[in-house]
Structures are given as C-alpha cells and as structure tokens.
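Chemist: As annotated by TrEMBL, transmembrane segment applies to 84-107, 114-133, 139-157, 169-195, 201-223, 273-295, 307-327, 339-358, 370-387.
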Amino acid sequence: MIIFLVSIVCLLFWPTHRYEFVYDDYLSIETNTALREPNILQYTTHPETAWASQVKDAGGIYRPFGIWISAQELSLLGMHPGRWHIVSMGVHILNTVLFFFFVSLLVRKASMACIAALIFALHPAGTEAILWITQQTTLWATSLTLVALILFTKSLAGKQPWLYISGATIASFLAICTKEQAIIIPLLAAVISWQQRPTRIAWRGIISLSVSSSVYLMLRILYLGSFSQTETPWGGSYGSAILTMIRGVTHYIKISLLPYHLTVNYDSFGTSYAISDSGVLISGTAIMAILWYMWRLWRTEHTAKYAPLQLLGISWFFIALIPVHNVFNPLREIINERFLYIALPGLALAVTAAGYSIFDTYFMQKARAVQLGFIGTTFLILLSLAYQSHTRIKDWQNEEHLWRAALRVHPNDVRNHHNLAVALEKQNSSDEALREYQIALDLAQGNSMEKREIITLGWAYLRARQPDKAISTIAQIYPNLPDNDEAAFVYGNALLDKQAYQEAASAFMLLTARTPKDNEYVLYAVLAATLAGDTKIYERALLLRSPAEMQALFVPLSEARKKILAGQTKDGIALTTQVLRKYPAPSPFVLIWLGEAFEHIKDQASAATLYKIAYASPFTAISALQGLHRLQIPLYTSASAGDSPAP
C-alpha cells in the first residue's frame, strides 16, 4: 500500500522539478538574507525574518520553526527551485503516508486508509500549498500535526501514554511554530478522544497539547504583538466579516467537493454587508444542513458503523478552518486554497467513511456487477481528482502560466493583470506587458490601487525606453512635480532619459529636500547636475553630503555614468568598479548601469554577475531579469548547492 501511494504521488508531481520560484517566493526565499545563516533564536525573537529586509514588518506572520526549516533547506539545496519542488513533493508524500497510518489506527482496514490517503494526495485544492515554495510551511506543519495526532491516538491505547503524550506535545508545538493554523491540534485531539473513547475523554493529553498552543500564543504576543495580520475586519466591521465568511466557508466546501476554477487570487470574492444577501442566505442554509447532518451522525454513532468516522472527518474539516475564519483574527487574504491543505485529511476521511457506509447499506447485498459498478465509480472519482490536479499543477510552472490561469477564472481582476504584466516584462515581452499594465490601471480607476498602478506603469515605460509615456502616465494624478517619492523618482528618471538634464536636476534636488538621508536620491541629483552642466545646480548638489563623501563616491559615479553615456564605456566601467571596490553602491541602479556597460563590450560573465546581484532589489529585479534574458543566462543553475541571487 505504501509503495503504491508513494508511486502515485511521484508520478503526479514529478514534473514540478522543472518549475520555477513564483510570486512571494521572491521575498520569502530568494532575497531573504535572514535564511543565509540559520538561527532559531533570531527567528523566534524577530518575526520580520519571515521576509526580505525590504519588507518593513512581519506581515502578521510568526513562524520561527518554519523559517528555520527554510534556512536549513537553503543551506542544503541552494537557490535552485527544482530542488525545493522535489522537497515539497517529498513532504506531501510523507503527509500522505502519515495520514494513511493515522486512518489505519482508527479503522484497522487498509483499503479504507488507502482510499482516504489517495483522496488527500490527489485533491486539486491541495496543489497551491505543494507547488508554492513559500507555503512549504503548510506542508511541514501538516506533517507535524499528523505526527502529533498519531502519537495522541496511540496514547489512548493505555500503554505508556505519558511517552506518547510528551511526543505529541512537542510535535504540536513545532507544528504551530511552523504555521499558526496548526493551533487547532488540541481541538482535533478532543474529537479523536471522543470518537475513540466516548466515555473516557483523555483530558491529560488534551490539556498538554493546549499548553503548547498557549506557549505559542504568548510568544506571538510577546514578539509580534498581535493575534491577527491586520487590525480591521473585512468590510470594516465584525458583522460584515461574519457575513462574508459564511459565504467563505461554503466556498471552501464547494471547491473541496467540486474543485473547479481554482485560482491563486480571490480578490474578486467580495464582501457581504447584509444578511439578505442571496449568497449569505444560500450559504447559511448549506451550513445549517451540514450541522443537521452532523447531529444525525451523532445520534446514530452507536448504531451506524461509519458515523463516528464521518463525524470526525467533518469536524476536522471545519476545525482546521477556525484559524482562518477572518472574523476576530482578520488576515490579509479573504480566501486561499492553501488554507484547505490541513483541512483536506478531514474531508478525505469523511468522504471515505460515507462511501463505505453507502456501500454497506445499499450495495453489500447486491449482485457482483452492481458492486463492481460502485467500485468503478469510486475509481473514476479518484481518476478525476488526479486529472484535475495534473491540469492545475501545470498552471504553477512559472509566473506567466500562474497568472494566465488566474485570469481565466477572474478576467477583470487588477492583481491578475498586474502580475501577468510583471511576468511578461521579466521575459522582455515589453509590448504585451505594457498592455496588461494598462488594463490593470483601467480596472483600478477610482479605487485605492490606482496610484500604485500608475507608478508601476511609469516604471514599465522607463524600462521600455519610452520616457515621454512615463511622464504622461505619472501626470495622470500628478500634473506637476509628483509629491510621492517613488513617482517623483520615476519622473526624474524619465527626464534623464529624455536628456532634459536641467529639469531632472531640479526634480531630484526637490526630492532630496524631502528625503535628505537617501543616498540614492543624492546620487541622482549629482548625476543630473553633472549631465546638465549647470554650475549653480551642481554646486548646490555638492552640498548634499560632506566634501569627502562627495569626492569619494557620488562625484566619481556620476562622472563614470557620464562617460558611459558618451560612449567611453571602458573608461566608465573602470571608474565605476574602482569606486565599488571601496564603497557599496548607493543605488541598485548603479549595478544595472554597470551590467549594461559590460553587456555592451561583450563581457557576458561580468554583466550576468551584476544582474544577479541587482535582482535582490525589487526596484531593479525586472531590469536584472531582462538583462539575463538578453544574455540567455539563467538566474539559477544546478551547478552547485550554493547558488544565490546575490553572489
């Protein structure tokens, strides 16, 4: 049975070893320098280590053990995404086997445990957690959750229960510190205890598991200061959050039973504000029907053979969704398929138990052909799950496929168009990318995302060497000099590209007046003044830093850039590298300038090295990938385990 399960999962997920990092992997894995030197104490006391340094806070995430696991993987696997995907597949196989053992403890029937494990292993709703490297924390948390529940279940047998309970408590604490959704382990243990020994609940074990949850919560409050990711409930009130999540729960049920139209982005889910909303009424009715069915199962648990297992499975499914209910602990995302991964064992157990109950009740006494028909239907359902997962898996092979798939489900979503544009731009498909950015901006008109999309489109026009359009785009909301620092930076760069050097110098001088400590803005002010040749502006620019700092860093870099623009490429390269040997670059764009200069003189190796370093900054990441794409050099190779975007 085990070999069969492992083979099925390997067959389904093996193609993922050729897949790439996608989406938030850039911030959580690729550019997260905290992973370079594993330190569990640092991860415990500094939650912001979950993300790259450019992310200013932890985003409401506290997963010290999960971050430590990622750090260990990085030291072993390097930055080759295929290796990470193989690990994800391996952990999913581990979870499938652990779930098989768990069900075997409950029913002592290998065929039932195998079918339940297959449903869990093949279910399409689990693919997001498996294929998105950032969500490996979900996989590992589920592994530890299953270990904790297996040990707790074995403790109920009465042989050395303290040993099993101790192991379960440790596994539970590590699971919660890997991903907070595992905090429901004590509740699952209570249901298992009731299902296995309804007259003698294992309170000692449940209390011990509850202590591990309490310790995590205390650490979270101490170092993160909050239970939730955001302060405001969805829709602005608890009432709207409750109504919205009534629909949310039934949506989880729907994609669990009918896993179609799966997507990475549920921004279009919408918020409900009135109980008279048809979606709320239908969803509420469905939830009441399920609760009624659970009550019926509870009433018949002593007479119906599989009723306790069905009740355990349904309870598991709903309990697993409690931490993501978005009411009293609002999250940044309203709905996510990855939240279902830890709930899927419950669904698999409930569906399998229901199937066996139906077979025993209606088909056991039927003719052999009828029984084979039922078994064949079960096989077709499993085959359908495998096919849907196979189809969904292909959506995750890279960013472009992922966001094209999201657009098929929600074609009018701002984030889908925006992220597809980013993916296309990274491949130097600039014209198509600009169209997608424009669609995103059109869809964002009048809402909070509009300014962000305008600035993003301005950047894209700059990278496409269309400075006039960059200026006209920024002018949509800022008819004069922008009062937003990033927009002002785009504006100033567009003026530089137009060779309107004096205007650019004035723009950057105003920007440095607003943000005097930013070395990047100072560099651009000196550069623009140097190119403008205006003595007054140049002298003003030199006052932005001490004379020694100016002459050592900003002036020579500006002169080097001037030489490169004038066609004196080798002289500009020599001067730039001379400065960078002594001082860190005040702007990641210096690395792009230098990379393009090396590219111009056909030194591909040096250009590629600089582009890989520049990839670590979100402002130059797209330009860096465009450069590597021109050179036909991959960002990562499988040459060594130490590959890094910042060599």
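The backbone N, Cα and C atoms fix where each Cβ goes, and this holds for glycine too.
The model shown is predicted, which means the values in this text are computed figures rather than measured ones.
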Chemist: By a Cβ-Cβ criterion of under 8 Å, what residues six or more beyond either terminus of the transmembrane segment (114-133) are in contact with it?
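Modeler: Same-chain contacts beyond the flanks: 1, 4-5, 8-9, 12-13, 16, 19, 21-25, 28-29, 81, 84-85, 88-89, 92-93, 95-97, 99-100, 103, 139, 255-256, 259, 262, 264, 336-338, 340-341, 344-345, 347-349, 351-352, 355, 378, 382, 385-386, 388-389, 391-393, 396.
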Chemist: Same chain, outside the transmembrane segment (84-107) by at least 6, Cβ under 8 Å from its Cβ: which residues?
Modeler: 1-2, 5-6, 9-10, 13-14, 16-17, 19, 21, 29, 73, 77, 113-114, 116-117, 120-121, 126, 130-131, 133, 136, 139-140, 142-143, 146-147, 149-150, 153-154, 195-196, 309, 312, 345, 348-349, 352
Chemist: By Cβ distance under 8 Å, which residues at least 6 away from the ends of the transmembrane segment (139-157) in the same chain are close to it?
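Modeler: Same-chain residues near the transmembrane segment (139-157) but 6 or more away: 66, 69, 88, 91-92, 94-95, 98-99, 101-102, 105-106, 129-130, 163-165, 167-169, 171-172, 174-176, 178-179, 181-182, 185, 188-189, 192-193, 196-197, 202, 205, 209, 341-342, 345.
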Chemist: Do any residues of this chain, six or more beyond the ends of the transmembrane segment (201-223), have a C-beta under 8 angstroms from a C-beta of it, and if so which?
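Modeler: Tertiary neighbours of the transmembrane segment (201-223) are 44-47, 62, 64, 148, 152, 155-156, 161, 165-166, 168-170, 172-173, 176-177, 180, 183, 185-186, 189-190, 193-194.
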